[in-house]
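Copied over from TrEMBL:
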- B:120-415: domain 'NADH:quinone oxidoreductase/Mrp antiporter transmembrane' (DOMAIN)
- B:6-26: transmembrane segment (TRANSMEM)
- B:73-93: transmembrane segment (TRANSMEM)
- B:100-117: transmembrane segment (TRANSMEM)
- B:123-143: transmembrane segment (TRANSMEM)
- B:155-178: transmembrane segment (TRANSMEM)
- B:198-225: transmembrane segment (TRANSMEM)
- B:237-261: transmembrane segment (TRANSMEM)
- B:267-289: transmembrane segment (TRANSMEM)
- B:296-317: transmembrane segment (TRANSMEM)
- B:365-388: transmembrane segment (TRANSMEM)
- B:400-420: transmembrane segment (TRANSMEM)
- B:441-462: transmembrane segment (TRANSMEM)
């Protein structure tokens, strides 16, 4: 057995271990120690270790792929396969590492829950679904995992169903992303129709022969799916609501799984997107709008998790911009640095919520002295997201901005401005939570137990350091890292362009300074932002009225339509039927299109007889049947009319 | 005369009579169990009989009855399906102490009608089979004599059913008038020989036949009876209507149009196109506002009928075998969903969706399996419904029906909304914690359905091979 086979089998094992954990916990969960949490953690940990080995093998030896025929059905061939390239191994490591840490953290965070083994079972299934998504070598397999990811997020976000808001949020998360999935499934169908294959490599090979319009349509449809899963404008509305779920779940959703899936989809289909300038342009603009809009909303939110949720939307916007501008490497790099930082921030916020029982940052304050580990790691994460130099978020966002600078100056300005906002809302979060006036809740706060603080430390390490492999200071590591993408995938020359670098740094510092002045030194009153922004502040608080718009434009009309057709008011049916039956048939026979003698006769006879007997029928009937009968006739008559003309 | 070709049918018929007589003369304490097991013995014996009879390439009754791959597939399918329904009925008909012999007798006759429909090769045979399928159903729907809803459902079903039969018969008589023949193959060759375009009479005939079968398969706009009837009938009978009777209608439609009228394919596919479109959209839209699980499943059945009709309207080779796979998927997920509904209805005394509250915690087995069935009905992988939709949509796209597939994808997103309503009750609502015991036989049926619902997606090759063999 060659090393390739070992790698392939290992990849299967990596995806199967969390699945095994799911099955084990589902059936034996209640008998396991800690209701199965430690077992699940260990299995996902093993998955992580195996991923590291696979990463090393693939980076030194190159890609591995294998495909087998799943089944042949008629003229169609369905295949199952693995594609293990740099992008895959990279995702494997990110997903398994973060999932492992979150499993570990959940042992502490969730230990009081009643349905603990169910929680860990679905958490593992979520991980397994995401892993099988990134190892798929064809669209069909990808789609299967894609839906499984959606189902798991539904079950987890609604885990605390006792809160109505939680079960509503779960439903919203599922249905809004499914809206995007309509695009994805259409895109996949279109791909199959135009290339006759579901397999990535075959599709990419044939893609250049396709017409521009077709490629544009395909990529835009795929992007719909990605925008739904990755919560991009205008499908971002589910993510803030999803904060009703348990905090570790938010960490997993925002950092590694659901959000990552959309970015992964675009990255995986990079060869397709590259062919259509219109599609990449759309990706860039949607990304930029999401980045800016979400950042503005994050500034005014007072719920710590909602701030983080909007921050995720904003940061994923950066990744989309990067992918759209051809910065394949920069986008993936940012996905990784963001994943670690955001997981850290969410777990930190979970620690705060559990220790101080406070989620509203205006109620918190002065927590720094009470919980140092949480505070320090949280601040590191916030600095990394803000993109402060030397933190990993800096290196990746710097790469993106450098790419964007060469691409389109307006986008560069938007993103730089977003950097100010990012630094501002992150600092606001930190100042209001950890420093300043001591909130009432701070009195009783205490540091979380080691099972929760150790994961924070584990995540803080990559949050600070992982960026260096992409920095200009470590050219060796960087060259190694650029293996991630072949030349054609648009890896940019790494030269520190200090002028371009300088803008965002200045922006970050300005944002932090502003937050410091307002929230720490109290140079301006706390509600300064509200007063300064005026009516716009209200718009932000209402999240640009997106929920209301959706309610008004989509949800209510559909429900009303359903209600309307469903009730099909007796009067309506009656009138319609009579009208159609009488005037339609009379009209038709009058102009003598075809001999209605027989039909007319039957209709009249049945109609008359029924009407005569209707009182007798009503004794045992509600009278609906009469309408049903007439409707039946009307339908037949209409169809006959139609087919004679057609 | 090649009577042994009908050995399975003869066995089913003999057993149905036996059940009737035994129930008359033998008083025992568990009539439902005894009579049910007897029926199952008959059904299994009939399946076994296929080993000894010529399975394909033979005819009986002067060509009125034909044994081919298609009929083999459906005869065996209907026998298995009837066995599952009887298993469920054993648990749930216990409360009816009287007339149980009649119940199982009628149930077996419905199965017999469906089997004859699969082999019918003549207009008269098709009509007789359809009546054999329908008449016992009318009685079964009204089986709960003291329940006014059951009576109402039966009368509605009967009145509309008679009208549909009359339509069908009229359409058939027009075809007979045009060709002078009732044999399907004969009709096809006569039409081919005349070679003309379809005259007005034939067009009317096509519409009337579609209306007649459209009633049986509850296709919009011939569906009005189905929600009322599904809700009012005893649930053991509802599951029969939603599967055996509905698929029987599809089989008749298939045989008549594909064998007798292939020359006018472009005409009748157009009509079916409209029915498919209406069924998918109306079925899914109306299902959203339902609060009763049986009504919801009725509308969901209408929508699924629409997906199945897509394949009929495309009418390519691929779409034909695809739809057989869809039937397999549909049967297991629908029977499973109804079985869970029956268990819950009996324990909690209501078939409202809210009766499922907290089921996932008070009975994890039912919770998980119901979730599987619902997700499969949506068409989410990795469940059978996904494979069924995948094949049908794929064949439809290749057959040029992209529009219908677009509609189908949009409606299946809508359908997520109302299937989630059920899942939400199971997991996201705290029920009254009332225990829901699962009777043993129902447990077996539900487990079997769940296993197949997953298996069809994980190992589809087995099922596609059967479907392909049935068509080619």
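Here, residue 1 is simply the first one shown, and the rest follow in order.
Backbone N, Cα and C atoms are what each Cβ position is placed from, and that goes for glycine too.
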> Under a Cβ pair cut-off of under 8 Å, which of the recorded stretches B:73-93, B:155-178, B:296-317, B:441-462 contacts the transmembrane segment (B:400-420) most often?
Replying inline: B:296-317
> For the transmembrane segment (B:123-143), which stretch among B:73-93, B:100-117, B:198-225 has the most Cβ pairs under 8 A?
Replying inline: B:100-117
> Is the transmembrane segment (B:198-225) packed against any residues at least 6 beyond its ends, judged by a Cβ distance under 8 Å, and which are they?
Replying inline: 130, 133-134, 156-157, 160-161, 163-165, 167-172, 174-175, 177-178, 245-246, 248-250, 252-253, 256-257, 261, 264, 267-268, 271-272, 275-276, 278-279, 282-283, 298, 301-302, 305-306, 308-309
> Which stretch from B:6-26, B:100-117, B:237-261, B:365-388, B:441-462 shares the most C-beta pairs under 8 Å with the transmembrane segment (B:296-317)?
Replying inline: B:237-261
>> I need to check the long-range neighbours of the transmembrane segment (B:237-261): which residues 6 or more away from its ends have a CB within less than 8 Å of a CB in the stretch?
In response: 70, 74, 77-78, 81-82, 85, 88, 107, 110-111, 113-114, 117-118, 120-121, 123, 126, 129-130, 133-134, 137, 140-141, 143, 175, 184-185, 187-188, 191, 206, 209-210, 213, 215-218, 226, 229-230, 268, 294, 297-298, 301, 305, 308, 312, 315, 320, 327, 330-331, 334-335, 338-339, 342
>> Contact between the transmembrane segment (B:73-93) and the transmembrane segment (B:100-117) is defined here as three or more C-beta pairs under 8 Å separated by at least 6 residues; is that satisfied?
In response: yes
>> How about long-range neighbours of the transmembrane segment (B:73-93): same chain, 6 or more residues beyond its ends, C-beta under 8 Å?
In response: 8, 12, 32-33, 36-37, 39-40, 43-44, 46-47, 50, 100, 103-104, 107-108, 110-111, 114-115, 117-119, 234-236, 239-240, 243-244, 247-248, 251, 324, 327-328, 331, 335, 338-339, 342, 346, 439, 441-442, 444-445, 448-449, 466-467, 469-470
> Is the transmembrane segment (B:441-462) packed against any residues at least 6 beyond its ends, judged by a Cβ distance under 8 Å, and which are they?
Replying inline: 84, 87-88, 90-92, 325, 328-329, 332-333, 335-336, 339-340, 342-343, 365-366, 368-369, 372-373, 376, 381-388
